[in-house]
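The structure under discussion appears below in the form of structure tokens.
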Amino acid sequence: MTGERERRRRVRMLKRRRVVGAASGVVRFLRTEQVGGMILLAATALALIVANSGLASAYHRLVSASFGPESLHLHLSVQQWATDGLLTIFFVVAGLELKRELVIGELREPRQAMLPIIGALGGMIVPAAVCYFVAIGAPGGGEAWAVPVATDIAFALAVLAICARQLPPSLRVFLLSLAIVDDLGAILLIAALFTAHLNLLALIGAVAAIAVYAVFQQMRVTGWWIYLPLGVAAWALLHTSGIHATLAGVAIGLVTRVKHDPGEHESPAELLEHKLQPVSAGICVPLFAFVAAGIPVSADAMSRLFTDRAALGVLIGLVVGKTIGVFGGALVATRLRLASLPGDLDWRDLFAVSVLTGCGFTVSLLIAELAFDAGPQRDRIKMAVLLGSLVAALLSAALLRRRVKARR
């Protein structure tokens, strides 16, 4: 009898190990950049298919359905939960990556940091200016200029990983650093432009929660049961304050400790990123894309896109403005001796990546959600984001492939 129980125990342990091993394999799979980009693309395609099929009314009922505690000002639609909630996880990961680059990565040396930082500034200013001047005086022109300032980290890195594996790693570091600074600028724009009302008491509470989180990090306090409530409280209070709640994600990422202590296998930042990155890439960002990208597409809608100057400004801003801004910013930085091009890179490599930064995708869709009321024009702006991101991805993929062949 004892032998039978022991045999059953071993069988259960073996099954458990197989399940854990399979789960670990899935998590490792989700951490690869190509996979994250493919899942994002699949979610976007699925949203477009569903929104243009017989399931369109069910899709729109789903994304507009509301739930959550009203007493905490959190009775939100599915679309709002995706925009304000799921993307916060994405921005925690972005904040962690930025903190790592600033403290121990490529951005720790000012001269190294200036190339992606000035490139990112150019990549925000020029597309915004291009969009503004294309759309000036047109309906929605005053709101559209902010849409093309962002770069989708996940999608851009996926394209680079698929098309440019043989190119120097410093190209990926440049793109990652630039995209993080780009998205941080975009989230600050969101906070500045789309705060309709400000609840000062709630804002003070959010800042206090983040400050306590930062102090506990410096005191080497451990335990997820301490940090999770602080993070949720910071997010909820920031949402109540009127400032876009995704800013809490960036703040949490930036105050998390990145340096190892003696005897530590992983720093808190590495541990948190290790846990959240597959959740962000495999669940949060694709679900946001599914909720945000479901717009009606037709020949008439496409023709209207090219006659709507606000949408056209977004499209040109992403494809042309981003390229000129990033490449021009990097060129100016090197000519003024503020930065230097890494020795293993060619200007043609940098141009190909500058085109790739036109993949605005998730963050541009987020700004479009906030800047425009629901309706045909917002759908056209979103269509411009999707089309511009696709064109930028295809053009950069072709350029990157040429650079790979040229280096062989």
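Every residue, even glycine, has its Cβ placed from backbone N, Cα and C.
These come from TrEMBL:
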- 74-96: transmembrane segment (TRANSMEM)
- 117-138: transmembrane segment (TRANSMEM)
- 144-164: transmembrane segment (TRANSMEM)
- 171-194: transmembrane segment (TRANSMEM)
- 200-216: transmembrane segment (TRANSMEM)
- 228-256: transmembrane segment (TRANSMEM)
- 276-298: transmembrane segment (TRANSMEM)
- 310-331: transmembrane segment (TRANSMEM)
- 351-372: transmembrane segment (TRANSMEM)
- 384-400: transmembrane segment (TRANSMEM)
Taking the transmembrane segment (384-400) as the first stretch and the transmembrane segment (310-331) as the second, find out whether 3 or more Cβ pairs fall under 8 Å, excluding pairs closer than 6 in sequence.
yes
Pairs of Cβ atoms less than 8 Å apart decide it: which stretch in 171-194, 276-298, 310-331, 351-372 has the most with the transmembrane segment (144-164)?
351-372
Quick test of the contact rule: Cβ under 8 Å, at least six residues beyond the ends. What residues does that give for the transmembrane segment (276-298)?
27, 30-31, 35-36, 39-40, 42-44, 46-48, 50-52, 56, 59-60, 63, 78-79, 82-83, 86-87, 89-90, 92-93, 96, 154, 361-362, 365-366, 369, 379, 382-383, 386
Can you work out which residues elsewhere in the same chain, 6+ from the ends of the transmembrane segment (74-96), have a Cβ less than 8 Å from its Cβ atoms?
62-68, 153-154, 180, 183-184, 187, 231, 235-236, 239, 244-254, 256, 258, 269, 272-273, 276-277, 279-280, 283-285, 287-288, 291-292, 362, 366, 369-370
Considering only the recorded stretches 171-194, 228-256, 310-331, 351-372, state which has the highest number of Cβ pairs under 8 Å to the transmembrane segment (200-216).
228-256
